[in-house]
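**Q** Quick one: structure below, then a few questions.
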Ligand SMILES: Nc1ncnc2c1ncn2[C@@H]1O[C@H](COP(=O)(O)OS(=O)(=O)O)[C@@H](OP(=O)(O)O)[C@H]1O
């Protein structure tokens, strides 16, 4: 009900009490919702600051230049390159490295999304300069050339945590299968790098490819070569397990191992056996590269002491020792070390299910015979490399 005021004036509001309380309640609710929204936005913008190379937990865009300004310089440069490359691609592409690891989570970046895309003008001068310099694609200065099933994926994934390492995720197979496509094609596969960053790739079949040493040397005599080696017997079983997972009808490991089982004659033409003759495969490499330009990583120690092996690799590559035991944790379910934060993510990351498969049980006598077969090759390999990998002790 409304009563009239003095002549010519508007009616005086005589709202019922309940309506005024309702309006106040609405006002409070709106304020509360606004506060919640502001709090939510702030929380999302703060999260990228939690780690240098890491992405954002639960957030679907990389951090912006303001956040990057607080990171160490090397991490900033790497992150900037990553986010610029991701923004260039729309619709989003899976994260590099997801080719073999389909369970690797990918970052999703929308066109003009928040983060860096929205605030180039706000960036501090140093960051702006970095944004203008987008880096360039370089031929790799270091390659993980082998060995198949040695632990090459683990090594590359771990190395990619380093802010000064940029690597192509998929195996390019340039020096064995695609050499005819030329170096320009190869270079184009590489991620962009800024000065001081190392470009890397891994293709484990290079180690056993006859032409690979001369071809890599023709690209650059200075290329650093990394070989992850693993007990050739376990490696052979791992190789067999991989084939078995794709073709379950293949003969048993035992029957493929022997040319004549009763005579104990090993079939060295079977690739699973052949690849483990490391001393033999190493010879042609040493005709093109000095030993000091090659690093042999123990596949076993990469599992038992990843930080220790990564320390050696970082030294070899002339990198600051940034990857340490703080980066790893042992995942009991997986049975392997995993990263606390993978490159481009703040989430723990284990390798996919194609890495660390359960091996079939192999007859004891077959294992004994294989160990006996490999022993002289292993000893020669220890001599050539100057490191006893402990497979025969
Ligand atoms: N951290 C971690 N997580 C999972 N797996 C690990 C890890 N470190 C080393 N390995 C071992 O890597 C083996 C696969 O080697 P590669 O990556 O060189 O295989 S491939 O040649 O690229 O197919 C793989 O072999 P299998 O165990 O036979 O699957 C693993 O034993």
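Using N, Cα and C of the backbone, Cβ positions are placed for all residues, glycine too.
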**Q** Which single residue out of 230, 368 does TrEMBL record at the 3'-phosphoadenylyl sulfate site shared with 149, 150, 151, 152, 153, 238, 355, 356, 357, 358, 359?
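**A** Record source TrEMBL; matching candidate: 230.
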**Q** Ranges 1-20, 21-40: which does TrEMBL label transmembrane segment?
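**A** Transmembrane segment, as annotated by TrEMBL, spans 21-40.
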**Q** Can you work out the mean pLDDT of the predicted model over the domain 'Sulfotransferase' (140-375)?
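**A** Overall, the domain 'Sulfotransferase' (140-375) comes to a mean pLDDT of 97.
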**Q** Nearest by CA distance to residue 149 (active site, for sulfotransferase activity): which of the recorded positions is it, out of 238, 338, 350, 356, 358?
**A** 238
**Q** Tell me, if you would, which residue among 338, 350, 358 (recorded positions) has the fewest other CB atoms within 10 Å in the structure shown?
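**A** With the recorded positions 338, 350, 358, fewest surrounding Cβ atoms within 10 Å: 358.
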**Q** Radius 10 Å, atoms counted are CB only; among the binding-site residues 151, 356, which position scores highest?
**A** 151
**Q** Which ones in the same chain are close to residue 238 (3'-phosphoadenylyl sulfate binding site), with CB under 8 Å and 6+ residues apart in sequence?
**A** 149, 230, 357, 359
